[in-house]
Amino acid sequence: MVKIGVLGLQGAVREHVKSVEASGAEAVVVKRIEQLEEIDGLILPGGESTTMRRLIDKYAFMEPLRTFAKSGKPMFGTCAGMILLAKTLIGYDEAHIGAMDITVERNAFGRQKDSFEAALSIKGVGEDFVGVFIRAPYVVNVADNVEVLSTHGDRMVAVRQGPFLAASFHPELTDDHRVTAYFVEMVKEAKMKKVV
C-alpha cells in the first residue's frame, strides 16, 4: 500500500485524508519535515496561498518541498496547491515550489462570493466530475511537456506534468474520489518504477 502525505499546515486536510483512504492508500498528515522521507507522494491542499506560503516559510518547509519535487516523487496541488507548484505566477516575481512548467493566475474566477460548482470532463478520470471552485486560480499557459486534463470554458483547470498533478478546484470537497484515485495510481506507478 502506498503512503500519501497531506501537507497539514492549512486547508482541507481532513477531507484530503478521507479521500486518500477511500482510494485505498494510507494517508499521513505531514506537519514535520522529516515526515517527507516516509511518504510516496504528497498532496498540497487548497487554502489561502499567501497564508500557506507564510506557514511554509515559518516551519522551513520550502527547500524540503523543492527537494521532494526534484526527487521525482508525485505531488498533487489543489487550488492554492496549484499555485505552489507553478513555475510562473501572474503578478509575482518568484515562484514557490516551482515544479510545474505552468503559468497560473490567482483568484482568477473571482472572490469568495463567486465560488461555484461545475461539471467537468477530466482526461483519465471521467466525463461528469463535479468541480468545486472557491476563489480558484486557473492555468493561463503551459509548456509543451504539460498535459491539459480538463478545461472549464476556455480556462485550463487540471494539468499534469510527469509526476505532478494540479487542479484549480477542490476534488476533496465532494464524495467523488476519482481524482484522488487518479493521483493514487500515479503514486503507485512512480513507486513501481523506483523498485524496478
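Each Cβ is built from the backbone N, Cα and C atoms, and glycine gets one as well.
As recorded in Swiss-Prot:
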type	residues	note
ACT_SITE	Cys79	active site, nucleophile
ACT_SITE	His170	active site, charge relay system
ACT_SITE	Glu172	active site, charge relay system
BINDING	Gly47, Glu48, Ser49, Arg106, Ile134, Arg135	L-glutamine binding site
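Recorded features from Swiss-Prot, shown on the structure.
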residue : record                           : Cβ contacts under 8 Å, 6 or more apart
Gly47   : L-glutamine binding site         : Leu9, Gln10, Gly11, Ala12, Cys79, Ala80
Glu48   : L-glutamine binding site         : Gln10, Ala80
Ser49   : L-glutamine binding site         : Ala80, Ile83, Leu84, His96, Arg106, Pro137
His170  : active site, charge relay system : Ala12, Glu15, Gly46, Thr78, Cys79, Gly131, Val132, Phe133, Ile134
Glu172  : active site, charge relay system : Ala12, Glu15, His16, Lys18, Ser19, Pro45, Thr78, Thr180
Same-chain, non-site residues whose Cβ lies within 8 A of the Gly47, Glu48, Ser49, Arg106, Ile134, Arg135 Cβ center for L-glutamine are Gly46, Met52, Cys79, Ala80, Ile83, Asn107, Ala136, Pro137
The answer, for which of the recorded positions Cys79, Ile134 has its Cβ ringed by the most other Cβ atoms inside 10 Å, is Cys79
